[in-house]
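Presented below is the structure to which this report refers.
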Amino acid sequence: MNTAERRYVASRSHALSVLYASYAGPAATKGLGMSHVKRLVLSIVQFLRQQLQTADLSADAKESVEVAVQCLETAYGVSLEDLSNESLVVSRPLLEIFGEALPREHVQTSHENVPEPTEAQKAEAEKYKQEGNNMMKLEMYTAALECYTKAISLDGRNAVYYCNRAAAHSKLDNHLDAIEDCKRALEIDPKYSKAYGRIGLAYASLNQHQKAKECYQKAVELDPENQSYVNNLRVAEEKLRDMASSGNGDMRRPSGGGGGGGGLDFGSLLNNPTLMNMAATLMQDPSMQNIMSGLMSGGLSQNTGGGLDALLQAGQQLASQMQAANPELVEQLRRQMNNPNDRNSSNQDGTERNN
């Protein structure tokens, strides 16, 4: 469809939407007050505008969505200005409400009803899974999602495929879809700790921290040695304490702990036993002791720049040793520095390697 055709369709759609609002609207919304209808339409418009910003849409698709938004705004008399009207704005995202209202038959359906794949289908599904894992490493999340979906279509009895697809959904901010896939994975394998970890992440991303805590607790119960799950559980508990103390269910204030370092929460870091144990271990390394001894002996007080070089050398060596000893913790610190307002600082944000 070329530009002229799209404009023609837009004009026709615009006219039809006005006619629908004038004549069919009252019948179609019988039993609902107009304030409810307007709130619903405003939520739809808000959702569509968010899709324009976040969804992986082609240029033609985006133009079509924009036309749909304009038609709805004209037909029902809503606009972006209405988002500041508390009597019209819905507190929860439309997609979240829709997901919770959907019937759960497709989730509750036993995987035993799924046909047993042939050996050839299993092998082909594994190839798609591996391709999806490669796409995840390249941060091509939509492509990864498609690969995992193909794997599931060939072998719908494999919990790993659903859990891996959940990770791709999380990266694309499709948190409700991630929850559904994790539930399917757990239906197949109720002791799949990674699925509990990832569904916990999805709930946390939706600010449902009580549910996130329960999922992380189950993940820790199944895999107590996994530090990511332990850290996630601690963060969820902190969120719940913050919510209880502030009376605000949507904690978006910056993390406390010093204000410096671009918002880095030093208090949280110093209370991290894994980080402190690693620092103590590294300080026992002879080469690190020599560097620190040079610094403590007055190297930084000189104006030659040698002290700064020694400090940089110490920092680089510390970083490289931390990366080798615990890459997950290094990734956690990197994310906290890049996103100082995000306290969901565990490895369950999708960076955890897929199976």
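Including glycine, each Cβ sits where the backbone N, Cα and C put it.
Among the features that TrEMBL reports, domain 'SGTA homodimerisation' is placed at 38-99. What TrEMBL records for 125-158, 159-192, 193-226 is repeat 'TPR'. Per TrEMBL, region 'Disordered' is recorded for 244-264, 336-355. Per TrEMBL, compositional bias 'Gly residues' is recorded for 255-264. Sequence annotations record features per position, and here TrEMBL assigns compositional bias 'Polar residues' to 336-349.
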Reported in the order helix, strand, coil, what are the DSSP residue counts of the repeat 'TPR' (159-192)?
27 helix, 0 strand, 7 coil
Going by DSSP assignments with H, G and I as helix and E and B as strand, what are the residue counts for the domain 'SGTA homodimerisation' (38-99)?
46 helix, 0 strand, 16 coil
Long-range environment of the repeat 'TPR' (125-158) - Cβ separation under 8 angstroms, sequence gap at least 6
56, 111, 114-117, 164-165, 167-169, 171-172, 188, 350, 353-355
Per DSSP, how many helix, strand and coil residues does the repeat 'TPR' (193-226) have?
27 helix, 0 strand, 7 coil
Grouping DSSP H, G, I as helix and E, B as strand, the residues of the repeat 'TPR' (125-158) number 27 helix, 0 strand, 7 coil
Averaging pLDDT over all residues of the domain 'SGTA homodimerisation' (38-99) gives 80
